[in-house]
Amino acid sequence: MAGSMAQSKWLAYCRLMRINKPIGALLLLWPTFWALWMAGKGIPDMHILLVFTAGVFLMRAAGCAINDFADRKFDGYVERTKTRPLPSGAISEKESKILFVVLALISFGLVLTLNKMAIWLSAVGLALAWLYPFVKRFSHFPQFVLGAAYGWAIPMGFAAVSESLPLECWLLFLVNIFWSVIYDTQYAMVDRNDDLKIGVKSTAILFGRFDKLIIGLLQLAMLLLLVLVGYLINLGGIYYWSLLLTGTLFIYQQKLIAGRERELCFQAFLNNNYVGLVLFLGIFFSYV
């Protein structure tokens, strides 16, 4: 009996950290890799690469823990989230907060092996990770905070590798903010009806009937910024082919969200993993 209860608790913790749903970690991992490869001119330091890769999965898990704590009074009313560990009672509020602190401390321990500039920047990253889940209570722009939180590994990566924050670093950071608004708006379109009932704010609600148009404009802006980044650091032709393929993926996403059907909007969200991968491959092979 005790063993069964322990296993059940462990599985609940795994669900809280979304170990069974790696898409969020991957959407955080790709921009981190973009930055490390660009900052390292195609040859990232192995120690730095390992620290950031581990940090991505740890901080994503920490972000899920604090997000579910912030949403604990709302998730029970949303079809997609009502079986999560907190609303279902499998994990207590105290346990979720302890998990967040433990994961954040382990992540900070890894950061301490980097240079001082990266260490100082990590404090901003932690603040953004904590802030995001609560922004949706009073603002329609939580996706912008998510973009900043998910993209903060970009300036941290440049700082860790080169101890500098060049123009391409901040352009790439802006690219990631646009991308985060794109995919998290698609994600929020899945829950829009439930969110309207319970008062949760999102860009999907703010954009209303212009949601598809604004997503399309952000996709175009993202591609134009990526062209500028490639020009600034002299990336090769294969990088621009990856941008063309990314544009094709964006067109496919527009087709998926055309009817605003829940399942298809979620598929559009998931498709962004391929966007991140294609862009990384374009950067990677430009340095080969």
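Cβ from N, Cα, C; glycine included.
Annotation comment: Swiss-Prot describes 23-43 (among others) as transmembrane segment, evidence class sequence analysis. Through the fold, the transmembrane segment (23-43) approaches residues 49, 52-53, 56-57, 59-61, 63-64, 150-151, 153-155, 157-158, 160-162, 168-169, 172, 175-176, 179-180, 183, 229, 233, 269-270, 272-273, 275-277, 279-280, 283-284, 286-288 of its own chain, all at least 6 residues removed from its boundaries and within a Cβ separation under 8 Å.
Long-range neighbours of the transmembrane segment (46-66) within the same chain, counting only residues 6 or more positions beyond its ends whose Cβ lies under 8 Å from a Cβ of the stretch, are 16-19, 24-25, 28-29, 32, 36, 40, 96-97, 99-100, 103-104, 106-107, 110-111, 113-114, 125, 129-130, 132-133, 149, 153, 156-157, 160-161. For 46-66 (among others), the entry in Swiss-Prot reads transmembrane segment.
If you look up Swiss-Prot, you'll see 98-118 (among others) marked as transmembrane segment, on the strength of sequence analysis.
Taking Cβ pairs closer than 8 Å, the transmembrane segment (119-139) reaches residues 59, 62-63, 66-67, 69-71, 104, 107-108, 111-112, 145-146, 148-149, 152-153, 155-156, 159, 200-202 in its own chain, all 6 or more past its ends. Under the heading transmembrane segment, Swiss-Prot lists 119-139 (among others), citing sequence analysis as support.
Annotation comment: Swiss-Prot describes 141-161 (among others) as transmembrane segment, evidence class sequence analysis. Listed by sequence, the residues of this chain that lie at least six past the ends of the transmembrane segment (141-161) yet keep a Cβ under 8 A from its Cβ atoms are 27-28, 31-32, 34-36, 38-40, 44-45, 48, 51-52, 55-56, 63, 114-115, 117-118, 121-122, 124-125, 128-129, 131-133, 135, 169-170, 172-173, 176-181, 184-185, 188, 201-203, 206.
For the transmembrane segment (163-183), the list of distant contacts is 27, 31, 34-35, 38-39, 115, 117, 143-144, 146-148, 150-152, 154-155, 203, 215, 218-219, 221-222, 225-226, 228-229, 232-233, 268-269, 272, 275: same-chain residues at least six beyond its ends, Cβ to Cβ under 8 Å. What Swiss-Prot records for 163-183 (among others) is transmembrane segment, and it gives sequence analysis as the kind of evidence.
Residues or ranges marked as transmembrane segment in Swiss-Prot: 213-233 (among others).
With a cut-off of 8 Å between Cβ atoms, the residues of this chain six or more beyond the transmembrane segment (238-258) that come close are 186, 189, 211-212, 215-216, 219, 223, 226-227, 230, 264-265, 267-268, 271-272, 274-275, 278-279, 281-283, 285-286. What Swiss-Prot lists as transmembrane segment is 238-258 (among others), and the listing cites sequence analysis.
Summarising the annotation, Swiss-Prot assigns transmembrane segment to 268-288 (among others). Among residues of the same chain six or more beyond the transmembrane segment (268-288), those with a C-beta under 8 A of the stretch's C-beta atoms are 23, 26-27, 29-31, 33-34, 37-38, 41-43, 179, 182-184, 186-187, 190, 226, 230, 235-236, 238-243, 245-246, 249-250, 252-253, 256-257.
Long-range neighbours of the transmembrane segment (98-118) within the same chain, counting only residues 6 or more positions beyond its ends whose Cβ lies under 8 Å from a Cβ of the stretch, are 13, 16-17, 47-48, 51, 54-55, 58-59, 61-62, 65-66, 69, 126, 129, 156, 159-160, 163.
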